[in-house]
Amino acid sequence: MTEAKIAPSLLSGDFANLEHEVGRMLHYGSDWLHVDIMDSQFVPSLTIGPIVVKAMRSHFTQEKAFFDCHLMVMNPEKWVDEFADAGANMFCFHYEATEKHMEIINRAHERGMLVSCAVKPDTPVEVLDPLVQHLDMALIMTVEPGKGGQSFRSECLPKVKYLRTRHPNLDIEVDGGLSPKTVDAASDAGANVIVAGTAVFKAENPTQVISELRNSVLKAQEIKPWAKK
Ligand code: DX5
Ligand code: ZN
């Protein structure tokens, strides 16, 4: 059984105070920290790169903080070594951003990272079929990548169900518009890794939101709705 993991997205945090933001998210009970890397080509925005991951890593050991790095960049193959050197735990690249899928997966594994491949809302999930046996995780985007605070797109969830029915032990992450209101649909489809930016960072009680997100996954895993016809 895949474990429930909650990954607050630092994109909604205070970029001038990332050590504090990582520390408080860990204190609130988050499992992973989701780090959104944008290059102004694959998506319009420009955020941070490996230098910032490295700076965060210098404050938190590998055991303490798991950095789930979501690269919304063209040609992610250029960045595998730098993210490994920076101390990233998960190297998540977009299917649409490269043709060198297997090269990236192999190199990231060689460098000791876990690897995930992400698909945008309009990309069919079947593109992952040849890759999935080599992946540690798949990321089904539930918004168009590029910014936080967008509305959750439930029409992406059949892709989660497609993967879950075929791969009971794969980590399946959803990202975009997740909150206590929308998470049940994603959990019921089979997602076990939940990214949440706005919902956690803007919450009055982030501990409670993280716990609600986790409970949604745990509840769905008891019932296994995806196993039903
Ligand atoms: C969007 C990013 C997300 C974003 C999610 O391109 O990949 O990780 O931070 O933010 P919310 O949870 O606010 O939709
Ligand atoms: Zn993301």
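Here, residue 1 is simply the first one shown, and the rest follow in order.
Every residue, even glycine, has its Cβ placed from backbone N, Cα and C.
Marked as substrate binding site by TrEMBL: S9, H70, G146, K147, G148, G149, G177, G197, T198. Other Cβ atoms within 10 Å of the Cβ of G177 (substrate binding site), summed over all protein chains shown, number 25. Reduced to three states, the DSSP call for G177 (substrate binding site) is coil.
Per TrEMBL, the feature divalent metal cation binding site maps to H34, D36, H70, D175. In the three-state DSSP assignment, the secondary structure recorded for D36 (divalent metal cation binding site) is strand.
The annotation active site, proton acceptor is assigned in TrEMBL to D36. Its own atom aside, the Cβ of D36 (divalent metal cation binding site) has 25 Cβ atoms within 10 angstroms in the protein chains shown.
The annotation active site, proton donor is assigned in TrEMBL to D175.
Taking every pair among S9, H70, G146, K147, G148, G149, G177, G197, T198, the residues recorded as binding substrate, the greatest CA to CA distance is 17 Å. Under the DSSP three-state reduction, S9 (substrate binding site) is assigned to strand. DSSP classifies T198 (substrate binding site) as helix under the three-state reduction.
Annotation for the binding-site residues G146, G148: lowest Cβ count within 10 Å of the residue's own Cβ, G146.
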